[in-house]
Each structure stands twice: as structure tokens, then as C-alpha cells.
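Pulled from TrEMBL:
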| type | residues | note |
| --- | --- | --- |
| ACT_SITE | A:T212 | active site, nucleophile |
| BINDING | A:T175, A:K201, A:T212, A:E298, A:N427, A:S432 | substrate binding site |
There are 2 protein chains.
Amino acid sequence: MLKRFFSSSTAKMAADKSRFVPTSGSYPKGFNVGALASGVKKNSTLDLALLLSEKPASAAAVFTTNKYKAAPVVVSRQVLDQCGGEGINGVVINSGCANAVTGEGGLKDARSMVAQVDKLSGSATASTLVMSTGVIGQRLQMDKILPGIDKLGQTPGLLGSDHDHWLTCAKGIMTTDTFPKLVSKSFEIDGVQYSLAGLAKGAGMICPNMATLLGFFVTDAPVAPAALKSILTHAVDHSFNCISVDGDMSTNDTISALANGAAGGNEITEDSPSYEILKHEITAFSQQLSQLVVRDGEGATKFITLRVEDALSYADARAVAASIANSALFKTAMYGKDANWGRILCATGYAGVEVEPTKTSVSFIPTDGSAELKLLVDGEPENVDEARASEILEAEDLEILVQLGTGGGQEAQFWTCDFSHEYVTINGDYRS
Amino acid sequence: MLKRFFSSSTAKMAADKSRFVPTSGSYPKGFNVGALASGVKKNSTLDLALLLSEKPASAAAVFTTNKYKAAPVVVSRQVLDQCGGEGINGVVINSGCANAVTGEGGLKDARSMVAQVDKLSGSATASTLVMSTGVIGQRLQMDKILPGIDKLGQTPGLLGSDHDHWLTCAKGIMTTDTFPKLVSKSFEIDGVQYSLAGLAKGAGMICPNMATLLGFFVTDAPVAPAALKSILTHAVDHSFNCISVDGDMSTNDTISALANGAAGGNEITEDSPSYEILKHEITAFSQQLSQLVVRDGEGATKFITLRVEDALSYADARAVAASIANSALFKTAMYGKDANWGRILCATGYAGVEVEPTKTSVSFIPTDGSAELKLLVDGEPENVDEARASEILEAEDLEILVQLGTGGGQEAQFWTCDFSHEYVTINGDYRS
């Protein structure tokens with residue numbers, strides 16, 4: 001189990017994060033969720049989560065680009081390939097063990113988890129997605145996982161569709177997360193009310209350029225598999241691929257989406273007039289969910305929005321933002337509330353994209369609505385009011401604007417956190 | 001000035017590093033070096049170093065690839081371009097202020113430093129290389145730097161060629177370094193004895209794929225400019241480009257080399273039979289010097305050699321090693337003495353190069369000569385003896401062997417350190 005060394009200030013900060021945990025929600029119809037403590041984690045901590053759809057659902061997923069894909073990534077991809085993104089009945093997630101780099105045995109274990117859920121949903125073919133998170137290189141304790149799945153599916157009350165069940169499910173996938181990440185909302189298309197619910201876990205091994213972490217969201221809208229896949233890809237590209245905690249890409253990262261159509265209405269395809277509305281809704285939702293991962297970055301004390309403007313392309317703008325977000329020097333400066341903007345410029349300069357040094361500008365944008373603080377204007381340093389800079393850096397939230405001056409006019413947003421003593425404590429001692 | 005919060009254990013560790021500071025040396029003829037406290041740094045700390053060659057020297061340098069090149073980088077490159085790498089008389093280095101992102105004024109300041117040294121050496125054209133290290137975005141205090149250069153050149157005893165002068169010079173370029181990095185050695189070519197001396201500063205903003213940091217080495221061998229340039233490039237590619245402290249590439253990184261021929265003998269060109277000998281000597285020397293930078297990584301408690309074998313190319317092998325070396329999760333695990341080898345695999349998997357997951361193996365190689373500890377063999381985890389792993393991780397030095405199993409047979413070596421609470425302390429509070 002995790003041993004955490006909270007300093008009093010960190011404990012206070014973590015406690016404040018309770019404001020990101022919802023006390024109610026608007027959840028999609030036809031999904032039953034829940035979690036229990038299977039015994040993989042010590043101290044009766046929730047470690048096994050299950051979602052069952054009452055109707056076979058369309059499904060899509062994006063997976064890690066890491067070459068050492070974990071067994072659940074390999075198996076979930078096979079399941080989706082085989083069913084063509086149709087007829088998915090469940091998602092099972094365990095925390096505490098990543099089932100990654102576990103060889104042939106690990107693949108067998110992941111397949112057993114799928115089969116165990118398929119039995120519950122009475123499916124003759126593989127119709128379950130599986131995800132795992134936790135330590136790499138250890139085999140799953142199947143003697144705990146398989147009975148746990150059965151218990152979840154067969155014990156009355158363990159699965160359900162109310163807020164408490166969703167919150168319990170979100171807690172079941174946590175590792176070093178300090179709060180469960182759960183978001184829900186409702187929206188209307190063609191007079192039909194739909195809901196979206198999403199869960200994520202994050203904290204460490206978070207880096208863009210891939211699916212990035214474990215999460216899924218489900219809706220009761222009727223969405224064709226191809227439309228769901230393209231919407232998911234767009235949403236992740238503008239949300240989970242725009243966040244960073246520590247720059248490490250996990251072997252297990254998976255974001256999946258299920259749409260069971262339980263709320264009725266016409267099926268949404270890529271040609272539907274409502275396709276763009278749904279894409280917009282899901283992308284905004286995905287950004288909201290992904291930002292919670294940054295809020296709960298391991299040891300994070302700050303939430304930083306990076307806005308990079310006037311790049312030659314969106315990809316360039318995002319590359320600069322990612323370079324800053326992954327700079328250990330930038331992140332430690334933010335932790336130290338040090339307006340050391342030279343480190344922002346430095347990380348911009350090694351991002352490998354076109355910039356115009358004599359037209360580059362950097363500012364702090366306070367999130368309380370007060371005036372922008374210019375740090376660098378057209379390549380020339382401003383005479384910075386350090387007292388004002390310190391004032392701005394006292395706040396938990398900060399926006400940093402970097403204008404590259406290329407004349408290209410493209411921009412990107414990116415969200416990251418700082419790098420604290422607590423991060424080192426957590427990760428120096430993860431397995432103990 | 002830097003405020004350091006040494007825990008007692010860190011202070012002990014830093015004290016132990018005195019074994020890396022030489023008490024004598026074998027220095028090249030015809031160079032006079034020294035340093036003084038100009039007043040840029042507080043508390044009379046050495047912050048201005050000067051080297052003058054008695055004879056005009058061949059010179060070469062490799063510079064940062066950061067897009068925001070510091071003024072001294074721009075100016076030194078211009079000096080070398082103008083003189084074609086011939087007739088260089090001096091190198092001046094200040095610490096405490098990087099003169100980076102300082103606009104037109106910063107370029108003027110760097111040129112003034114060159115001119116001030118040129119006056120001392122009586123050169124009518126620009127014949128001095130200039131380097132700066134410290135905080136980005138602040139102008140140099142020229143009212144302290146220029147008189148400091150004059151004082152260094154004109155006060156008897158401040159410049160000299162004995163061990164104490166070299167050590168003082170090495171101290172003058174330190175920033176967050178905890179010990180001066182000075183290496184010297186002698187070697188023979190065609191019956192003539194030559195010497196090499198090298199200085200470096202490092203500690204933070206250390207990442208491969210560029211010149212990487214501030215350093216220079218000088219020899220009294222007679223080397224043609226083109227030969228010196230090609231030897232320097234090869235040496236840096238296999239030394240300073242194979243180390244990492246924190247993955248940040250500085251705006252100021254420069255490694256330069258001077259050869260004044262004061263020891264006599266025939267000039268060495270790229271066609272000389274002795275060219276390969278000199279290349280070998282300088283590359284090995286450069287590795288030794290670059291490893292000292294890792295030894296003194298900000299907050300480092302470990303010195304880790306990464307050996308990546310059986311890649312498709314040297315570049316692939318080095319990319320994997322760099323990916324591991326820059327992983328915050330790997331580095332914090334090493335700090336925590338945690339045999340969490342999954343993080344090694346994970347960073348290998350996102351390096352973006354060809355690997356064969358089912359033929360990948362990972363081992364710890366103890367540096368005391370005891371037996372290798374296999375962690376992963378052909379993609380299958382070993383049943384690791386955790387007690388033995390802990391024992392191995394207690395040592396300051398560790399070698400990690402990663403075999404990618406591609407059949408390509410290419411390998412690379414890379415040197416890095418861990419990521420500690422002390423790193424966060426240092427960089428959260430650098431400017432205060």
C-alpha cells in the first residue's frame with residue numbers, strides 16, 4: 001500500500017481539493033456501476049470497479065503508444081477489434097496492480113477478467129473492456145479479482161445508478177489520487193435529454209501524446225461506433241493529450257467511451273447534423289475531466305494553464321506548451337512561487353519548433369481578473385515588479401501566456417501542475 | 001545568492017564528493033588561469049574566471065541548440081566564425097548571471113567582455129571566447145565585470161599555471177555546483193608529452209542532445225582548427241551529450257576547446273596518423289569530465305550508468321537511455337532505493353524507438369563486482385530477491401543494463417543521477 005507523508009500544508013491543500021468532488025450528479029440511463037475492496041490492496045481499500053450497461057453499447061477507446069503495452073491494453077484492443085465497437089456490455093477496472101510487463105500469464109489474466117464479466121452480462125462473445133492501474137511487473141492476484149467480479153455483479157446493491165454508486169466506482173480506480181475524479185452533465189439534442197458521466201484516475205505517469213491515463217466516459221445517447229471513435233479521438237486530442245503531471249507515459253493508458261442509447265432518439269452518425277454538437281459537448285466534458293487529473297497531480301500545489309499563441313501550427317503551439325509543462329526547472333520554480341520566467345523561455349527554446357526570439361512575449365495572467373503582468377515583451381525583459389509577481393504566484397491557479405511571434409497565429413491550451421517535495425516523497429516510496 | 005537547505009544526510013553526501021576534487025594535476029603549458037569575486041555574487045564568492053593563452057591558439061566550440069541563445073553564445077560563435085578557429089587568446093566566464101534573453105543590451109555586454117580581454121592580450125581583433133552562467137533574463141552588472149577582468153589580468157599572482165590557479169578558475173564558474181570540476185592528464189604522441197586540462201560546471205539545466213553545459217578544455221598540443229573541431233564534436237557526442245541531470249536544455253550551453261601548441265611537435269590535422277590517438281584521448285577525457293557533472297547533479301545522491309544494448313542503432317540505444325535518464329518516476333525511484341524496474345521498462349517503451357518486448361531484458365549490475373541481478377528476462381519478470389535489490393541500491397553507484405532484443409546489436413552508455421527532495425529545494429528557491 002501507499003505510504004504518504006503529508007506535511008501539514010500538503011494535507012491542508014489535499015483537503016481543499018474536496019471542492020472538486022461532486023455531491024450530486026446527472027447520470028446517463030442504463031448503466032449500473034460500483035466498486036469493492038477485493039483484497040489486492042491492503043486495509044480494505046476499494047480496488048475493483050465495474051460498469052455494466054443494460055443495453056449493448058457502442059464503444060471506442062484510445063490507448064497508450066508505449067511499446068510495452070500492458071496486458072489489459074492488448075486485450076481491450078482485441079475485444080474492440082473483434083466486435084467492431086458494437087455490443088459492449090461492461091468495463092472492469094482494477095487498481096493496485098497494472099498487469100503490465102507480465103508476459104503471457106498477464107494476457108491470460110486480463111482475458112479471464114473479461115470472461116468473468118461476460119458471464120455476468122450473459123454474453124457469448126467477449127464484450128467487456130478491461131483496464132488496470134498500479135505497479136508494473138507484478139501478476140494480478142486472480143484469486144481475489146475473479147471472486148470480486150462475481151461478488152460485484154451478484155450482490156444486490158453493490159451495483160447501481162445513483163450518485164453514491166458512481167462516486168464509489170470513481171474511488172475504486174484510484175491509486176495515488178487524493179480524490180475521486182467524477183464528472184457528469186446533461187445536454188439536449190433534437191429535444192431529447194442526454195447525460196454524460198466520466199471517471200478518471202491520474203496522479204503519476206501522466207504525459208501527453210497518447211491516451212495518457214485511465215478513464216472512461218459513458219452516455220445514454222445513441223451514437224454509431226465510427227462517430228463515437230472520431231469524437232473520442234478529437235476530444236482526447238484536445239484534453240487528455242493537453243495535460244501533463246510528470247512527463248512519464250504509462251504502459252496502461254486508456255480512455256474509453258461507451259454509448260448505450262438508453263435515452264432514445266435517433267442514432268448519431270458522422271453525417272448527422274447533431275454530430276458537431278455532440279463532439280463539442282464531449283470535448284468540453286473531456287477537458288473538464290482531464291483538468292481534474294492535473295488538479296490532483298502527485299504532490300501538486302498549483303494548477304497552471306499554459307496558453308501558447310502565434311505559433312505556425314496547433315501542433316507547434318502544443319509542443320511548446322508541453323515542453324514548458326514537462327520542464328522540471330519550470331515546475332519547481334512554480335512550486336517555489338518564483339517568477340523565474342527565464343525557465344519558461346528556456347523550455348520554449350528547446351521544444352524544437354519555430355519561434356521568433358525578437359518577437360517572443362511572456363506574461364502571467366492572474367486568475368482573479370486583475371491585470372496581466374508582462375515579463376518579456378518582444379524579446380526584451382520587462383522591469384518586473386517582483387512583489388506583484390509574488391502576489392500572483394500565491395494563488396493556486398495561474399495562467400501563463402507565451403506568444404511566439406511567428407505570425408502564424410495558431411494557439412493551444414495545456415494544463416499542468418508544479419513539482420513539489422511531496423512528488424518526490426510519493427514516488428521515492430511508491431511500492432512500500 | 002543561493003540559499004541551500006542541506007539536510008544532515010545531504011550535507012554528508014556533498015562532503016563525500018570532495019574525493020572528486022583533485023589535489024594536484026598535470027597542466028598544459030602556456031596557459032594562465034584564475035578567478036576572483038567581482039561582486040556580481042554576494043559574500044565575496046568567486047564569479048569571474050579568465051584563461052589567457054601565451055600563444056594564439058586553435059579553438060573550437062559546440063553550442064546549445066536552444067532557440068533562445070544567450071548573448072555570450074551568439075558572440076562567441078561570431079568570434080569563432082570571424083577568426084576561423086585560429087588565433088584565440090582567451091576565454092572569459094562569469095557566473096551568477098547568464099546574460100540570456102537580455103536583448104540588444106545583452107549582446108553589447110558580451111562584446112564588451114570580449115573587448116576587455118582582447119585589450120589584456122593586446123589583440124587588435126576579437127580573439128576571446130565568452131561564456132556566462134546563472135539566472136536568465138537579467139542584465140550583467142558591467143560595472144563589476146569589466147573592472148574585474150582588468151584586475152584579473154593586471155594584478156600579479158591572480159593568473160597563473162599551477163594547480164591552485166586551475167582549481168580557483170574551476171571554482172569561479174560554479175553556480176549550484178557543490179564542488180569544482182577539474183580534470184587533467186598527460187599523454188604522449190610521437191615522443192612529445194602533451195597535457196590536457198578541463199573545467200566544467202553543471203548541476204541544473206543538464207540534458208543531452210546539445211553541448212549541454214558550460215565547459216572547456218585546453219591542451220598544449222598543436223592541433224589544426226578543423227581537426228580540433230571534429231575531435232570536439234565526436235568527444236561531446238560521446239560524453240556531454242550522454243549525460244542528464246534534469247532534462248532541461250540551457251540557453252547558454254557551450255563546450256569549447258583550445259590548443260596552443262606550446263608543448264611543440266608537429267601540427268595534428270585530420271590526416272595525421274596521430275589524429276585518432278588524440279581523438280581517443282580527448283573523448284575519454286571528456287567522458288571523465290562530463291561524469292563529474294552528473295556526480296554533482298543538483299540534489300543527486302546516486303550516480304547511475306545506463307547501458308542499453310542490442311538496439312538497431314547507436315542513436316536508438318542513446319534515445320532509450322536518455323528517456324530512462326529523464327524519467328522523473330525512474331529518478332525518484334532511484335532516490336527512494338526502490339527496485340521499481342517497471343519504470344525503466346515504461347520509459348524504454350515511450351522512447352520512440354524499435355524494441356522487441358518479448359526479447360527485452362533488464363538487470364542491475366552492482367559496481368562492487370558482485371553478481372548481476374536479473375529483473376526481466378525476455379519480457380518475463382523474474383522473481384526478484386527484494387533484499388538483494390535493496391542491498392544493491394544502497395550503493396552510491398549503480399549500473400543498469402537494458403537489452404532491447406532487436407537483433408541490431410548496437411549499444412550506448414549514458415550517465416545520470418537521481419531526483420531528490422534537495423533538487424526541489426534548490427530549484428524551488430534558486431533566485432532567492
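The backbone N, Cα and C atoms fix where each Cβ goes, glycine too.
Just so you know, TrEMBL annotations never went through curation; they're auto-generated.
Residue density at A:N427 (substrate binding site): 28 other Cβ atoms are found within 10 A of its Cβ, drawing on all protein chains shown. When secondary structure is read from DSSP and collapsed to three states, A:N427 (substrate binding site) falls in the helix class. Counting every protein chain shown, the Cβ of A:K201 (substrate binding site) has 25 other Cβ atoms within 10 Å. Using a Cβ-Cβ cut-off of under 8 Å to chain B, the binding-site residues A:T175, A:K201, A:N427 reduce to A:N427. The secondary structure of A:T175 (substrate binding site), as reduced to three states from DSSP, is coil rather than helix or strand. Counted within 10 Å of its Cβ, the other Cβ atoms near A:E298 (substrate binding site) come to 28, all protein chains included. Summarising the environment of A:T175 (substrate binding site), the number of other Cβ atoms within 10 Å of its Cβ, over all protein chains shown, is 22.
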